[in-house]
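Below is one structure, written out as structure tokens, with a few remarks after it.
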Amino acid sequence: MGAVSEMQRLFKSSSSARVEDGRRAEYEYTPVGSDDIELEQVDDIDMGISGVLKNAFQRAPAVDDYIEGTDEQHELEDGPVKGEGLIVQEEDTAGGVVRAEALMKVWGKHGKKIIWAGLAMMMIIYELDNATIYNYNNYAASSYNKVSAISTVGTACTILFAVAKPPVAKFSDVVGRGEAYCLTVSFYVLGYILSASSKSFGMYAGGQVFYTIGQTGTNLLNDIIISDITSMKWRTFALSFLFFPFLIIPWVSAFITEAVIGGIGWRWGIGMFAILMPFCACFIIIPLLYFQRKAKKSHIILTRKMSVVNFCSLIDLGGSFLLCAGLAMFLLPFTLAATTTNRWSTPYIDVLIALGVVTLIALVPYEKYVAKHPILPPHYFKNSTIIMCGLIGAFDTMAFSATHTYLYAWSTIVHNFGPRDATFLQYTNGVWQFFVAMIIGLVIGKFRRYKWFVVAGACIRFIGYGLMVRWRGASNSIAELFVVQSVQGIGDGLIVIVIIVGAQIVVPHAEMAQVTAVMLLFQFVGSSIGSAIAGGIYTGTFKDRLKARLGGGASQSVIDAVFNSITDGIPPEGSVERVAVGLAYSDVLRYISYVALGVSVLILGMAIFLPDLYLREGHNLVAAAHADSERLEHTTTKQSATHAPTTTTEK
């Protein structure tokens, strides 16, 4: 009952409402006649493969549409409650959410297919970028003799990747999905240009900042659009299926990376995306803008005029600043301390952490008492599902990031992998993750439960990190290296996407983008901490291990060269010195694996306490609870009228 009442309370913030005649003058557009456009309804499930795929990509009903449920806990069954065909932007509702609901009412027979095709195109270029640019970073840093700074830049970008998501989600809710895509792609292009034309490592790092904003925004918007148009029952499969390029692109990108590094160089490898990214993005941006405009011209939405003050209030400008600044000041020092000579004795490290903590503490009363549309709603932290999903995501990505920060460099030095084979190893985890996630998505769609899949994934991750301690060394075979990555990927496939869907279903559609951003924020904050842990262990132990493995005869210049580059100063392959360097590198990665193994125990414990909610046919459980309440009230009223006593008058 507590969960139901919580969902009914949250429903009050839903974005959709029906218009009253007396209120129409408040809005910018006037509806025409009664040209109602009926929403598609979820069909009965066909258990064949074609039926599964059809239902998986079926559009979810809007938040005030009928939500069907068929479980022992959900006995209410009745005919659908059809909408009137008009969507109104309430005073406290963002216009972007209204437009997202409206475009589904005007996209016609082929519009949904066009949106899916555009998303597929966007995912292909996104995954190709993600699989290649990451590897070019190693060679770019090496060309500036700054390999040891990879962790610092990576942590900074990961922090930015995390904290930029809630503002991007707010922007897409307020302005629109298509407009938000335009903004993120612009940041993408600017980042490509700066990085490819950089004359120093500082300029390259600056380009990576803009690139990261574009990447995080695009990553989030892809998830938001998919979640907008799918039901909660099949959303795990839909989110997983759209990552199908990841099953192919890492293997293709390995050949691309090898050809680029050995040919045109990393600069052109990055620069060519300044053309490819906006071209591919057009396939999703143009349809979104077109359908939004079509909905506007069809007069099926009523939107309010928005002032600058209202815009700042809707995106929670103050809360966005406090959140971004607080997290940045708190997390960045962990890596900065690990890469400075005096480490924690450096005064500004303590100052940054203190300022970060104070800023984050100030965010709490601001969001509760000041913000009208909080970027981090306080009631999220009273919801056990959101809390557990967020913590599981944070700790899982922390362990993953820590064990993968130096995997590429380690494989090239210790096992003599070229760019192609190192890329294969790097992305084996991800390929297995999304392959397993697609299968599990179908199973979840069938059984409508998700908790024990997360528990199973946590168990597999624990086993994988245990294997990593033993099988990530200089003497291990190539097969053992790939087995470890495969086991980890299988466990990840049972966790990552499932917990995002688990958090989405307990909030109304108006908050769906926001809670998605919060979940990804948890994950990438965990990732930044993991990268910082890896950087701290690498910086604090690698030189000592090099001295121990190379012996007293090793010069400081040789140690510094190996520490800062994966290409310069590395002893020849097969030499005694090269073997010693490999052993030292493996020692460091084993230390990191011990940390990940300990974290995986915590993940398993949290997974056991994750609520196991029932996935119904509609968009979210909040709308389902509201529909059930209305239907029950209607039934009660009808029964009362039927059994009401009648009076007769005697003559």
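A Cβ is built for glycine as well, from the same backbone N, Cα and C atoms used for every other residue.
Taken verbatim from TrEMBL:
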TRANSMEM  114-136  transmembrane segment
TRANSMEM  148-168  transmembrane segment
TRANSMEM  180-197  transmembrane segment
TRANSMEM  237-256  transmembrane segment
TRANSMEM  268-291  transmembrane segment
TRANSMEM  311-336  transmembrane segment
TRANSMEM  348-366  transmembrane segment
TRANSMEM  386-407  transmembrane segment
TRANSMEM  427-445  transmembrane segment
TRANSMEM  452-469  transmembrane segment
TRANSMEM  489-507  transmembrane segment
TRANSMEM  519-538  transmembrane segment
REGION    628-651  region 'Disordered'
COMPBIAS  637-651  compositional bias 'Polar residues'
Tertiary contacts of the transmembrane segment (386-407) (same chain, 6+ residues out, Cβ under 8 Å):
150-151, 154, 158, 380, 425-426, 429, 454, 458, 461, 465, 468, 488, 492, 495-496, 499-500, 502-503, 506-507, 515, 518-520, 522-531, 533-535, 538, 585, 588-589, 592-593, 595-596, 599-600, 602-603, 606-607, 609-611
Candidates 180-197, 237-256, 452-469, 519-538; stretch with most C-beta pairs under 8 Å toward the transmembrane segment (114-136):
237-256
Could you pull out which residues elsewhere in the chain have a CB under 8 Å from any CB of the transmembrane segment (180-197), counting only those six or more residues past its ends?
96, 140, 168, 171-172, 203-204, 206-218, 221, 267-268, 270-271, 273-274, 277-278, 281, 284-285, 288
Stretch of maximal Cβ-Cβ contact with the transmembrane segment (237-256) [cut-off: under 8 Å; candidates 268-291, 348-366, 452-469, 489-507]:
489-507
